[in-house]
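S.K.: One structure follows; several queries about it will come next.
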Amino acid sequence: MAFPELLDRVGGRGRFQLLQAVALVTPILWVTTQNMLENFSAAVPHHRCWVPLLDNSTSQASIPGDFGRDVLLAVSIPPGPDQRPHQCLRFRQPQWQLIESNTTATNWSDADTEPCEDGWVYDHSTFRSTIVTTWDLVCDSQALRPMAQSIFLAGILVGAAVCGHASDRFGRRRVLTWSYLLVSVSGTIAALMPTFPLYCLFRFLVASAVAGVMMNTASLLMEWTSAQAGPLMMTLNALGFSFGQVLTGSVAYGVRSWRMLQLAVSAPFFLFFVYSWWLPESARWLITVGRLDQSLRELQRVAAVNRRKAEADTLTVEVLRSAMQEEPNGNQAGARLGTLLHTPGLRLRTFISMLCWFAFGFTFYGLALDLQALGSNIFLLQALIGIVDLPVKMGSLLLLSRLGRRLCQASSLVLPGLCILANILVPREMGILRSSLAVLGLGSLGAAFTCVTIFSSELFPTVIRMTAVGLGQVAARGGAMLGPLVRLLGVYGSWLPLLVYGVVPVLSGLAALLLPETKNLPLPDTIQDIQKQSVKKVTHDIAGGSVLKSARL
């Protein structure tokens with residue numbers, strides 16, 4: 001008796017699975033708030049140099065005459081590229097000649113300026129404080145802001161490697177429980193840190209634990225659910241991220257101080273840590289590591305919740321031992337990473353699949369973590385992205401079955417790329433249009449994630465499928481780390497980051513057209529199955545009078 005049959009006995013889609021889904025998907029909403037947090041905690045408010053005439057009461061008292069604030073600002077700070085007060089320069093001495101009505105640009109362009117030696121004055125009308133205002137991450141230090149975001153995303157990459165190994169060794173539920181605790185503790189400490197490096201360190205720890213939460217949530221949902229209900233559970237898990245974006249915008253709207261916001265999104269994980277001790281360990285994992293007595297107890301617990309106690313009474317350690325013998329060995333074919341890179345039928349599939357994964361992570365996190373560049377009301381924009389993501393994820397499943405994998409993958413990358421490129425041409429004054437294009441683009445990237453997850457699983461044989469998918473996820477996280485850093489190109493032109501964010505998904509989407517279609521094809525189990533599919537494709541195309549170059553891919 002294999003494990004799926006054991007699960008059917010105790011109930012693979014019953015009351016327990018419903019309760020487990022609620023318990024596991026609820027933290028996913030708050031995981032999303034951690035991922036998107038720095039849209040708000042690292043927001044850059046309007047700012048200018050501190051100047052004595054405006055910000056020092058003694059200097060103000062010595063001003064001859066009665067001048068308004070705008071006049072004092074004009075004689076203290078030169079205009080910036082957008083004709084607003086310059087954010088990083090001030091006049092060394094007040095330029096009183098600028099008050100004259102016949103003043104031209106020459107009157108101030110030759111005046112001596114200097115950096116903001118005495119600090120900055122920030123606009124607190126939207127945020128009481130952010131990490132930018134706390135540690136002055138502007139002007140010469142502006143690169144530190146996207147660096148903090150990249151450090152967080154690097155933590156997810158490291159955490160995925162560490163937690164993946166730990167969950168295979170120590171169990172899914174145990175690693176999940178301690179991941180909840182690490183998020184809550186590290187997130188709370190990050191909110192109290194007095195220096196920027198320490199803040200980044202604890203945000204890195206939060207991210208590594210976030211990876212553990214995401215990975216082990218998916219594992220427990222799948223390993224305690226029947227094959228028929230598995231896609232539903234994965235859909236609920238994906239929708240948790242969508243609702244989480246709405247939650248992020250709502251919480252940030254109500255909490256405008258970055259320290260309090262960091263605390264607000266970290267505190268719920270203490271509750272998740274407490275109730276996670278109730279969750280059962282994966283019986284499938286317990287069987288594979290030979291812990292049959294504990295596996296039997298967990299199966300009986302699930303059966304009791306699903307009201308199948310009579311069926312559970314028929315389970316014994318001997319039955320579980322036979323199930324352990326029937327579990328497939330993941331190393332049966334000796335397939336390795338080199339197989340993906342050196343096998344002609346798999347090499348190009350691997351590279352293009354990784355390119356699609358990279359394009360998603362690079363573009364999504366590059367844009368989703370800088371909503372200020374896409375619209376004026378970032379609270380509403382964050383919520384709208386989550387709302388649009390809901391039907392997009394559901395609709396992408398329908399389109400995959402109708403249009404096929406290859407076309408859906410290509411269009412779900414090309415469309416957001418075109419939306420991003422179009423935003424270059426839209427003036428900042430047209431905020432509604434810019435926000436609409438941004439929401440459409442980021443929503444389409446949600447479809448791209450759904451497509452690449454399914455498509456990459458079908459492109460590779462069973463013996464090396466998880467290696468290929470894991471390689472793709474590494475590419476996505478690598479892209480996510482690089483994405484925020486592209487914003488540093490903005491010093492050479494505000495349009496340049498958007499150009500890069502737009503070109504990468506367009507080129508990746510076009511490359512996806514070189515992949516073979518996998519719609520309605522049986523999943524390949526061996527490398528020989530891939531080669532047979534290629535031969536059939538070539539034969540079919542020759543019979544039809546055309547030979548596609550992608551047939552060997």
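Any Cβ shown, glycine's included, is placed from N, Cα and C.
Per Swiss-Prot, transmembrane segment is recorded for 16-36, 146-166, 182-202, 204-224, 232-252, 260-280, 351-371, 378-398, 407-427, 435-455, 466-486, 495-515, and the stated evidence type is sequence analysis. Taken from Swiss-Prot, the feature N-linked glycosylation site applies to Asn56, Asn102, Asn107, supported by sequence analysis. The phosphoserine feature in Swiss-Prot is assigned to Ser534; the stated evidence is similarity to another entry.
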S.K.: Taking contact to mean three or more C-beta pairs under 8 angstroms, with sequence separation of 6 or more, is the transmembrane segment (182-202) in contact with the transmembrane segment (407-427)?
M.R.: no
S.K.: Note down the number of other Cβ atoms within 10 Å of the Cβ of Asn56 (N-linked glycosylation site), including every protein chain shown.
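M.R.: Asn56 (N-linked glycosylation site) is surrounded by 13 other Cβ atoms within 10 Å.
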S.K.: Looking only at the recorded stretches 232-252, 351-371, 466-486, 495-515, which one has the largest tally of CB-CB distances under 8 Å to the transmembrane segment (407-427)?
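M.R.: Stretch with maximum Cβ contacts: 495-515.
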S.K.: Determine which recorded stretch among 146-166, 232-252, 435-455 has the most C-beta pairs below 8 angstroms with the transmembrane segment (351-371).
M.R.: 435-455
S.K.: Give me the stretch from 146-166, 204-224, 232-252, 378-398, 495-515 with the greatest number of Cβ pairs under 8 Å to the transmembrane segment (466-486).
M.R.: 146-166
